[in-house]
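Peer 1: For reference, Swiss-Prot lists these features for the protein:
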type	residues	note
BINDING	C764, C767, H785, C788	Zn(2+) 1 binding site
BINDING	C791, C794, C814, H817	Zn(2+) 2 binding site
COMPBIAS	669-679	compositional bias 'Basic and acidic residues'
COMPBIAS	860-873	compositional bias 'Polar residues'
COMPBIAS	938-951	compositional bias 'Acidic residues'
COMPBIAS	975-988	compositional bias 'Basic and acidic residues'
COMPBIAS	989-1014	compositional bias 'Acidic residues'
COMPBIAS	1039-1051	compositional bias 'Basic and acidic residues'
COMPBIAS	1065-1090	compositional bias 'Acidic residues'
COMPBIAS	1111-1148	compositional bias 'Basic and acidic residues'
COMPBIAS	1199-1212	compositional bias 'Basic and acidic residues'
COMPBIAS	1230-1239	compositional bias 'Polar residues'
COMPBIAS	1245-1255	compositional bias 'Pro residues'
COMPBIAS	1257-1275	compositional bias 'Polar residues'
COMPBIAS	1405-1420	compositional bias 'Basic and acidic residues'
COMPBIAS	1434-1452	compositional bias 'Polar residues'
COMPBIAS	1454-1465	compositional bias 'Pro residues'
COMPBIAS	1516-1530	compositional bias 'Acidic residues'
COMPBIAS	1584-1600	compositional bias 'Basic and acidic residues'
COMPBIAS	1623-1633	compositional bias 'Polar residues'
COMPBIAS	1754-1763	compositional bias 'Polar residues'
COMPBIAS	1795-1811	compositional bias 'Basic and acidic residues'
DOMAIN	518-624	domain 'Calponin-homology (CH)'
DOMAIN	1832-1981	domain 'bMERB'
MOD_RES	S649	phosphoserine
MOD_RES	S687	phosphoserine
MOD_RES	S977	phosphoserine
MOD_RES	S1272	phosphoserine
MOD_RES	T1274	phosphothreonine
MOD_RES	S1276	phosphoserine
MOD_RES	S1382	phosphoserine
MOD_RES	S1431	phosphoserine
MOD_RES	T1452	phosphothreonine
MOD_RES	S1692	phosphoserine
MOD_RES	S1695	phosphoserine
MOD_RES	S1903	phosphoserine
Amino acid sequence: MEERKQETTNQAHVLFDRFVQATTCKGTLRAFQELCDHLELKPKDYRSFYHKLKSKLNYWKAKALWAKLDKRGSHKDYKKGKACTNTKCLIIGAGPCGLRTAIDLSLLGAKVVVIEKRDAFSRNNVLHLWPFTIHDLRGLGAKKFYGKFCAGAIDHISIRQLQLILLKVALILGIEIHVNVEFQGLVQPPEDQENERIGWRALVHPKTHPVSEYEFEVIIGGDGRRNTLEGFRRKEFRGKLAIAITANFINRNTTAEAKVEEISGVAFIFNQKFFQELREATGIDLENIVYYKDDTHYFVMTAKKQSLLDKGVILHDYTDTELLLSRENVDQEALLNYAREAADFSTQQQLPSLDFAINHYGQPDVAMFDFTCMYASENAALVREQNGHQLLVALVGDSLLEPFWPMGTGIARGFLAAMDSAWMVRSWSLGTSPLEVLAERESIYRLLPQTTPENVSKNFSQYSIDPVTRYPNININFLRPSQVRHLYDSGETKDIHLEMENMVNPRTTPKLTRNESVARSSKLLGWCQRQTEGYSGVNVTDLTMSWKSGLALCAIIHRYRPDLIDFDSLDEQNVEKNNQLAFDIAEKELGISPIMTGKEMASVGEPDKLSMVMYLTQFYEMFKDSLSSSDTLDLNAEEKAVLIASTKSPISFLSKLGQTISRKRSPKDKKEKDSDGAGKRRKTSQSEEEEPPRSYKGERPTLVSTLTDRRMDAAVGNQNKVKYMATQLLAKFEENAPAQSTGVRRQGSIKKEFPQNLGGSDTCYFCQKRVYVMERLSAEGKFFHRSCFKCEYCATTLRLSAYAYDIEDGKFYCKPHYCYRLSGYAQRKRPAVAPLSGKEVKGALQDGPTADANGLASVAASSAERSPGTSMNGLEEPSIAKRLRGTPERIELENYRRSVRQVEELEEVPEETQAEHNLSSVLDKGTEEDVASSSSESEMEEEEEEDDEDDHLPTSDLGGVPWKEAVRIHALLKGRSEEELEASKNFEPEEEEEEEEYEEEDEEYEEEEEEESSEAGNKRLQQIITAADPLAIQADVHWTHIREREAEERMLPTSESSTSRAPLDEDDLEEDADSEPAETEGEAAEDGDPGDTGAELDDQHWSDDIPSDAEAEHRLQSQAKVKAELELRVSENEEEKPSDAPKQEERGTSQVSSPSQPPEKQVGVFSPARSPGTEEAKSPLATKVKSPEEPLFPTPLLLREKPKAEVPEEQKAVLSPIRSQPVALPEARSPTSPTSLQPESLLAPPTPPTPPPTQLPICSQPQPSSDASIPSPTKSPIRFQPVPAKTSTPLTPLPVKSQGDPKDRLSGPLAVEEVLKRSDLVEEFWMKSAEIRRSLGLTPVDRSKGSEPSLPSPASKPISLKSYSVDKSPQDEGLCLLKPPSVPKRLGLPKSAGDQPPLLTPKSPSDKELRSSQEERRDLSSSSGLGLHDSSSNMKTLGSQSFNTSDSTMLTPPSSPPPPPPPNEEPATLRRKPHQTFERREASIIPPPTPASFMRPPREPAQPPREEVRKSFVESVDEIPFADDVEDTYDDKTEDSSLQEKFFTPPSCWSRSEKLQAKENGRLPPLEQDVPPQKRGLPLVSAEAKELAEERMRAREKSVKSQALRDAMAKQLSRMQAMEMVSSRSHTAQSQGKELGSESTRHPSLRGTQEPTLKHEATSEEILSPPSDSGGPDGSVTSSEGSSGKSKKRSSLFSPRRNKKEKKTKGEARPPEKPSPGLPEDVVAKPKSLWKSVFSGYKKDKKKKSDEKSCSSTPSSGATVDSGQRRASPMVRAELQLRRQLSFSEDSDLSSDDILERSSQKSKREPRTYTEEELSAKLTRRVQKAARRQAKQEELKRLHRAQIIQRQLEQVEEKQRQLEERGVAVEKALRGEAGMGKKDDPKLMQEWFKLVQEKNAMVRYESELMIFARELELEDRQSRLQQELRERMAVEDHLKTEGELSEEKKILNEMLEVVEQRDSLVALLEEQRLREKEEDKDLEAAMLCKGFSLDWS
């Protein structure tokens, strides 16, 4: 019996697993049926099915799923499944929205039946998911069914996978799902209800299907069609001709593919360069492109019609889009080639093979469809009543609201509508009256089209079917039941829609309220008469002749702006001059475009009445609510200024803003409107179409329109302010404008001369045809049709607010092509476009579009306007039938089906076949993954995520090589035996598991998300930013620029290349970075901090990802050894091969530094990342590197260039660090380089010789030389031994170097010089930054610490820059260049008393100076984003080293001499597992000297009380979460931390390992030798730097002294904090600190541990400083503060918006600094800065508090760490672990208890608890992930905003076209040109006025949008510049050429300019927003106004 029972149970488990893992629709249904049969369950019993299934399937894998579903189902809104118990619902379509609706209805207790027409889920297309949708799906157990669901940064999923997930959930809940059933209509209840009480049924095919017998009370259409259910009228949005092409390529999930970054599209919106290159290279002309990596490689692009014609994709050009895109008119082969070519180019040919996936017809999965017209249903639901039966009919998904692709709006709004519909059904079932149900549903539906990820509620955990939980300002009673009566169809209402329009849209043109409208010309005339009263020579009696002299116009302007016109000086006789003056001033100052020229006005007998009405209306609208000058005589100057500002138009502001090429002009009204618009634009962000909607879509109620009008008027005032700002900015822009701008004259001045070749204002300048008043635009004195206003080069339709004009040849260009005007390119390029122009001239609609790829439709529309009706109707009518049938993609699909069946007679291929073909690579792995996911949520998800990381994230991990493989390669390169590899591999898995478990589901989710995200999202970002490797991601700029970058890299062998790369990326980066400066940094750091993160990720992935620390250690050890060797060789080679190294370094640096850190720092960061990844990357490199000269260089080059994609992280990391370091000191550095690279490297750095060389480049040549002698010995031993301890750290140190390396590699001296130069540049940058900050009202970041010292340092000495590393310890001076060496010194110090004193010595001014320079550097690197990543790796390294050190240190009294390292235990051993051993060893080795240097890194963390540790963690956590903060963090923290950590970590770790090594290798002396260099290094620091550092330290002391010092002195418990402080505080601390800092970031305690000793020794700032290194502590502190200040400043520079955050970050950073008066302060500050930076934006206050707390506690901790705490190390470690987990738990679902439990379990499983290093690494990793995720979110937000703006601009264009069309018709009638004779019909005149007003509103709205777009563009540019600058500044100034330095200055200046522009824009928008807020008391009305009618995207 028992056995049989067991078999049954096992079988059930197998069947359940099969069901969960099913990959097709049919397979899922079959598996589910088998499961039910086996368990003897009947799904038809829907009420109890789920509960029975749950009770019968007692399977641990299922329990996690039950838990999630129970949690969801227990929500109060579902009333325990009894809310809709007797309601029967039919859902049409098993798409994502239909299934999602079914799930909610089922949870409500309803009987739900879903019918699906097909039986296969075949759509590979990828959907972008908004954050709430991810949260929602996770809550339904998505990860249980699809382990890779949104892992890491991935936030998209294929439609197929989403359907499978929801299908499985639906089946489990007992929902009936029928496939192969097609809905054909409703069957009304029979009239004879007495005999048969039959209700509503469905008519289906096949007719005999049981579903046809069901009766329903609710039917929901979710099949994506437009006409499945009757009664829903559609609103159409017609944009420009938009042709989309989607393509799916097979994803084989190879490493190479994993490295290719995704493209999210944001960069392309503003980055025209890529599209230009694409067109030049391939002839493909796109408007946009997006690439998502999912089960397939999914590309979606918007192609321009002309390029499709040119490439032969479309055979014939038809006006009708249906004909145009019909299968007969499309060459399929050409289409495939077109898609493949575009995909290949956009990914830089990095996808190895682009084989098409197949669709369900077995054909290549490529589709082309038209989404010019998108539809939205006018209502979401209706009720039908027939024969006593009511039927509630509703729509969800695309049927309700078609999405504008590809922003993820479809699924997001679809899910929202699904929940809204469920809420409606709930109300219906609970007995609410039908009209009330409908009124509530429509009130909610009003908001749906306006939802964006930003304006929905942010508390996703509270989401339920109740709309109040999802829409922030919802008024569910907005509509009254009486207003929706038309939606209740009792079968009697004849004209539902007429009634509906009257009810819902009482006014079709809400904007024109009676009092606002100038409907009667008498009103306008009366206003003009009042304004011109009392002016001599002005007598206004009409709207024509009275204005001829021009005096009346001048009088109106003078009345309001007497400052603009000297009325008394005007001569009444000079008609032309007077009019031209008025026109010019109105255009320039008020944003009102002229309707004619002064010359024309003088030459005509009587001015045209219609033109004058049009023109004067704009003055009326602008000034009607303003005070005239006579009324303002009593106002003070300030009030007058405000008044003046209020009469300035945003448009004019916009036209000046950054219009260095040419002035942008806005339509006459546009500027005015802009004024309104600007204010609205703020709102626009949410629904950017506010105004226009009002004007065109008469959807809003009257109230809304009036409110809107009021708002508009108010906005006008704001506009003026904008204009005022614009004028001020304009002067500056013009000063800075490029020479070319001379050709571009101000519009005003140009207009003054009436072009002789013009026929007048009624003749189009371009096509020479008649241009009517309503369609007339003017720019530069020319008048033309909107559709004729095109770029001479590319024929893109131009906007008045964005164009460039070449005065000499009278041609207009889009800004990107202005530079081509003289190149002959224009002529060459124009041909392709030429037809367009010609066609435009013809005025054919199709031509317009053709010419306009961007605004095809609009052009067409414009032309159509000319011949009203025809074109438009022509376009619309042919496609109407089809359009009503289905959505664009559906139409495409149906076309395909038809053509396929006719031509090839193909049947649909089975879903299995399709899946097998498309997903072969996925399916092989899939089962395991799925199984894993089902296993245990936390474990599974973590595992999967980790797996994903391995597979997909390899990029982040090892640059695309799975870590295991990387390890193997690494080992092989190192000469590791296969067995060892196997051993390490075995080790790693354990660790991975542990980590996974430890992280838990949520954490894991985060990690997964972050890592994968970092892979995917990061890739996307990278793509946008750079094609670089994940490591390079940081630096990555747009992928568009990647190529450039690579080329530049090639050209610039040294850091220059990296810099150059950055610039290339700059544009894209700007976009990305700008919009997400923090993101980019954060992402880079997290994701792409290749140096930091990459290093760390490698490290972490290696170590962290490596589940167990031991494993990681082991791996690290072997890797480190190999790496060390490689690195050494590489270093040597690097010097020899500067160009190669620079490239690679650049890449690595770029990646690393790209975020915030300077290259050096990044290098440091990189190293750590490299150590694992590097080792792997290095393996190839290593081999080559082995031959120091040739191999390394050539390989790096190859690797670097190609591997960018292939070996981005690792190789880049490896090469970068290696090269960098070797450059400075070939010999010394070589060793160091390897050391740095490898964990051992870090350890090795302890050997003074090696580190010094490495550091030397950073610090100064002298150091290298001194160290040089030691390098070789240190090299190998250190390399090998330190590897383990240093794995993380070494990477970090190396990265530091590597960043500085490009030039370093080339030559030590050069490097030094460059470093100096760099520091000068940095200083200049900081100063400017401070200025900007001040101008912004922000407190300038305190740069004195980092920046100033840095400057002096560099100035005084190259070493200065490196001084931070030098700071670490006297010995480390040589090591200085290598941050890690510093650490060794510190360790060394413990080894030898001499060392220790040097540590203290740093106190000395020179020390401080060193520190300052170090700080500066650190700042840079931190800012690069090293901080986060570095922190991770450093933390890890520190954790292993420091923790190990802590343990040993703790074990051994500080005073006792360090015991010799166990002979068998090498640094490598120490590495991860070795951490513990290492710690002991370190302790023994370093103890006496260590007390200050060692103890504090390792032990402090251990000893500090948990609380303290936690605090630190909390701090870290706080800092972790936010991308914005991340940016700051990268800026602040990363810089500080990174450098510091680099230096910091290595010192402690190295000390021990070094000592061990030294002892083992007889290297102790070298360490001591190092010490002297360190001392020397300290002196190297300039006095200025020292002073600055000291000042900083003092300031910090003051702020934190009491707390931090007291704490530090009072308790060693604060050790943790001390650790944090230490990491910031000393360079050794820096190297350590980097690790520690990272750790501290992650595990403040970790940091504290390392720092404690130092702190203890130097309770006072100075004392602490010396202990850390020469100037290490001080330097650390200083540098950390300085860097954080710097980074803050930088961020402020970069992103004005960040200013506040930065301020906070600054403040926060400072408090931390304060906590550790000396090093501790710095250390604390540093970690804090990093963390805070990360979190500052989001949790500024919290951060501050936590920072201060942790700071204060940390210092005390540090002080106490000395003796007792060392022992505490293990405890501390555990606590750190916990804390880290806890801190992460904030981010994750894990609770602290869970974390504790987990950690305890882990420790049980693995006796060895996570070392502090590991913990910190993990923490760092999480932080990085959080930052990455945040950055990604920022990027996505920017993308979303850009796409919304783009779409709205298209909408505005279309509306304008329609208005112009009507206006032309009315004008013709009024002029008698319509064949009816001249009519003075008052009705026509009234109509004319209305149209004029609407057009003005449109223009104003368009200008608003343009301002938003401009602001977004500036944000983006700033972000890219910021990124590039970071990359460049990461390289030591002494490594840079004059050209590079001047380039940096240029970038800085440009950035300042961008910041100023953005600040003015932001200020303007903010002011308008505030004004609007005051005027808008009714929020609901505001929502309405926001474009419910306009924006259906």
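Cβ from N, Cα, C; glycine included.
Structural setting of the listed features?
Peer 2: DSSP gives C788 (Zn(2+) 1 binding site) a helix state.
Around the Cβ of H817 (Zn(2+) 2 binding site), 22 further Cβ atoms fall within 10 Å across all displayed protein chains.
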Peer 1: Let's check the environment of C814 (Zn(2+) 2 binding site): how many other CB atoms sit within 10 Å of its CB?
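Peer 2: Looking across every protein chain shown, the total is 22.
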Peer 1: Could you break down the residues of the domain 'bMERB' (1832-1981) into DSSP helix, strand and coil, giving a count for each?
Peer 2: 129 helix, 2 strand, 19 coil
Peer 1: DSSP helix, strand and coil counts for the domain 'Calponin-homology (CH)' (518-624)?
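Peer 2: With helix first, then strand, then coil, the domain 'Calponin-homology (CH)' (518-624) has 65 helix, 0 strand, 42 coil.
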Peer 1: Provide the number of Cβ atoms within 10 Å of the Cβ of C764 (Zn(2+) 1 binding site), excluding the reference atom itself.
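Peer 2: There are 26 such Cβ atoms around C764 (Zn(2+) 1 binding site).
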Peer 1: Tell me the Cβ neighbour count for C791 (Zn(2+) 2 binding site), meaning other Cβ atoms within 10 Å of its Cβ, over all protein chains shown.
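Peer 2: For C791 (Zn(2+) 2 binding site), the count of other Cβ atoms within 10 Å is 27.
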Peer 1: Which has the fewest other Cβ atoms within 10 Å: C767, C788, C794, S1903, the recorded positions listed?
Peer 2: C767
Peer 1: What Cα-Cα separation, expressed in whole Å, is found between H817 (Zn(2+) 2 binding site) and H785 (Zn(2+) 1 binding site)?
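Peer 2: Their Cα atoms are separated by 21 Å.
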Peer 1: Distance check, please: Cα of H785 (Zn(2+) 1 binding site) against Cα of C791 (Zn(2+) 2 binding site), rounded to an integer number of angstrom.
Peer 2: 14
Peer 1: What is the average pLDDT across the domain 'Calponin-homology (CH)' (518-624)?
Peer 2: 85
Peer 1: Name the secondary structure element type, per DSSP in three states, that contains H817 (Zn(2+) 2 binding site).
Peer 2: helix
Peer 1: Taking just the CA atoms, what is the gap between C764 (Zn(2+) 1 binding site) and C794 (Zn(2+) 2 binding site) in Å?
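Peer 2: Rounded to a whole number, the Cα-Cα distance is 20 Å.
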Peer 1: Of all the recorded positions given, namely C767, C788, S1903, which is spatially nearest to C794 (Zn(2+) 2 binding site) at the Cα level?
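Peer 2: Closest by Cα: C788.
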Peer 1: Whole-number Å only: compute the distance from the Cα of C767 (Zn(2+) 1 binding site) to the Cα of C814 (Zn(2+) 2 binding site).
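Peer 2: Between the alpha carbons of C767 (Zn(2+) 1 binding site) and C814 (Zn(2+) 2 binding site) there are 18 Å.
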Peer 1: Can you tell me the CA-to-CA distance separating S1903 (phosphoserine) and C791 (Zn(2+) 2 binding site), as a whole number of Å?
Peer 2: 19
Peer 1: Can you tell me how far the Cα of C814 (Zn(2+) 2 binding site) sits from the Cα of C788 (Zn(2+) 1 binding site), in Å?
Peer 2: 13
Peer 1: Among all the protein chains here, how many other CB atoms are within 10 A of the CB of H785 (Zn(2+) 1 binding site)?
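Peer 2: A count of 27.
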Peer 1: What other residues of this chain sit with their CB within 8 A of the center of the CB atoms of C791, C794, C814, H817, the recorded Zn(2+) 2 site?
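Peer 2: Close Cβ neighbours, site residues excluded: K790, E792, Y793, A795, T796, L798, Y813, K815, P816, Y818, Y820.
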Peer 1: Can you see whether DSSP assigns C764 (Zn(2+) 1 binding site) to helix, strand or coil?
Peer 2: coil
